[in-house]
Amino acid sequence: MSNLSQTPHRLKSRMLATWTPDQEVNQVRLRSGADMKRKLRWFDLVSLGVGGMLGVGVFVTTGPVARDISGPAVFISYMIAGFSALLSSLCYTEFSVNVPVAGGAFSYLRVTFGEFIGYFGGVNILLEYVLSNAAVARSFTEYMCTAIGVSDPNAWRVKVIGLAKGYNELDFPAVVLVLLLTLCLCHSTKESSMLNLVMTVFHIIFFGFVIIAGFCHDDGVKALVEPRGLTPYGARGVVNGAAVVYFSYIGYDTVSTLAEEIQNPSFSLPVGIIGSVSVVSVLYCLMSLVLCVMVPYNEISKSASYAVAFRRIGWGWAGNVVGAGASLGIVASLLVAMLGQARYLCVIGRARLVPSWLAKVHPSTGTPLNATLFLGICTATIALFTDLEIVMELISLGTLCVFYLVANALLYRKYTLTGQNAPVHTLSFLALLSSFSLAFSLWWKLNKPWWGLTLFIAIAIAVTAFFQYHTWSISSTVSKNLLRPSCPSKWSVPFMPWPAAASVFLNVFLTTTLKTLSFQRFAIWTCLVTMFYVLYGVHRTYEAEEMGRVDVVEIQVTSTRVQPDKFDNVQMAIP
């Protein structure tokens, strides 16, 4: 009770507390005990990024979005989402090179905006990983049915009378798959990467087969424009579809969580992140287009869409091949996504915002064993009963929220923390940019006249241009007087601040196109994780960082690995 009475004081002390990148790399990382082993190279990252995204997008989201949201123009939805993801990936890349730890968005936000924003971003990414992995595992069951010739994609699921719709079909094959991959990831990161590399090569060959075979269909153009043209749901349907399929790009940020296991991060991370997003964006567009070329959008199946499409055009054998290839791709994407989610939880455990035993790295395998097992069990539990449609938009909403925060964090870090701009100037720019982005989005959502859209875009461009001119003027003056030269980063996003500003704009825009129910569920989740932070996280971090208390086990682990002078600024005492 005494701790609870001190909550306001501790919250004020810890909420905006930040760590430096050097502390994240050299001090916080030691709390895991053993180091993760640096065995990955740039081609491992590209294959992991490609493998992590491919199985998620086309096989899970394309069918439902093409049928009910975008129509045949679903490939344009993928273009919009891919462009937004590419902008976000640039922001991730600069952060990952300069803060090469396994925490991804959690670490980037924590070193920029403080502990609570970092925690909020980290737990949201964790939610998206667990939910998307569960949804993808259930899609594996559907495609495996088609691979062996079973006409009903739900044939291997067990229906339970009495449970609500969407939760009443138990998927035991999905549970088995998740648990097997969990055990594989507990063994070794490098061996898991090699397995993914082999599967990804076969997967891309399989994609080529689907694209070529689909475009060889005789009535392709007719199916694409009938029965109601290319955009039966209008331009709004295309944009709404882009927000939903954004869920397909969640896999690329897994690459940034592997920063502690990469040889030559400064070169490998930019190639791995940007290269994988670019390759996948092109393949997504082609694969979504070929689906609508084979079958009219209103006849596309929501389950195992590609396999059913080949059967409907009379190519039953191709449907079986697609089922097998899609199953392989889903396994690859699950492997990578589960790899990333464990590293996120591991680093959040290092920060003591969740129980610290989740941060431990096994000394022989070099993997975050406890975090991998815990999240594997959570994913398997959700995959057992939760239908894809229930979680798809919630996944996209959380992902867009985190990517929006990372873009803002990069702008603030680049122009204030490592630049010469005053905090109030950068924060004012970010507030104005977000406000006009939101105004544009609401104007679009409410179907107001087009002149308002043009006005808000023009104002957003003018605000960004003024901010760029203002920062350039300050930078020139400081450099000229040799007062505070800026520190060049190892890799920087080109043409700043425009890419990050465009990322902020697009993330806000796509977020507002999602359904109200998704925002309601997101609000409930936000309340729950905020309560956990207030009741547990803030007290654990305050006792550790402000009062100098750490776990006995942690002292024993770190004392065998580092010299006492590593902790000159940390007063440690056993509680």
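Quick reminder: no glycine exception, Cβ is built from N, Cα and C everywhere.
These numbers come from a predicted model, not from an experiment.
Taken from TrEMBL, the feature domain 'Cationic amino acid transporter C-terminal' applies to 491-540. Under the heading transmembrane segment, TrEMBL lists 42-61, 73-95, 107-127, 170-187, 194-213, 273-297, 317-346, 367-385, 424-444, 450-470, 491-510, 522-539 (among others).
Three or more CB pairs closer than 8 A are found between the transmembrane segment (42-61) and the transmembrane segment (194-213), so contact between the two stretches is assigned (pairs 6 or more residues apart).
Per-residue confidence over the domain 'Cationic amino acid transporter C-terminal' (491-540) averages 88 (mean pLDDT, predicted model). When the stretches 73-95, 273-297, 424-444 are ranked by Cβ pairs under 8 Å to the transmembrane segment (491-510), first place goes to 73-95. Counted over residue pairs separated by six or more positions, the transmembrane segment (73-95) shares at least 3 Cβ pairs under 8 angstroms with the transmembrane segment (273-297), which defines the two as touching. Sequence-distant contacts of the transmembrane segment (317-346) (same chain, at least 6 residues past either end, Cβ-Cβ under 8 Å): 32, 48-49, 51-56, 59, 102-104, 106, 122, 125-126, 129-130, 132-133, 136-137, 139-140, 143-149, 177-178, 181-182, 184-185, 189, 192, 195-196, 199-200, 202-203, 206, 209-210, 213, 250-251, 253-254, 257-258, 304, 306-311, 354, 358-359, 361, 367-368, 371-372, 374-376, 379. Below 8 angstroms of C-beta separation, residues 32, 36, 102, 126, 129-131, 133-135, 137-138, 163, 167-172, 174-175, 178-179, 181-182, 185-189, 338, 341-343, 345-346, 349, 357-361 of the same chain, each at least six residues beyond the ends of the transmembrane segment (367-385), sit close to that stretch. Beyond the transmembrane segment (194-213), the same-chain residues lying 6 or more positions past its ends with a Cβ under 8 Å from any Cβ of the stretch are 43-44, 47-48, 50-51, 54-55, 184, 283, 286-287, 290, 306, 310, 315, 318, 321-322, 325, 328-329, 331-332, 335-336.
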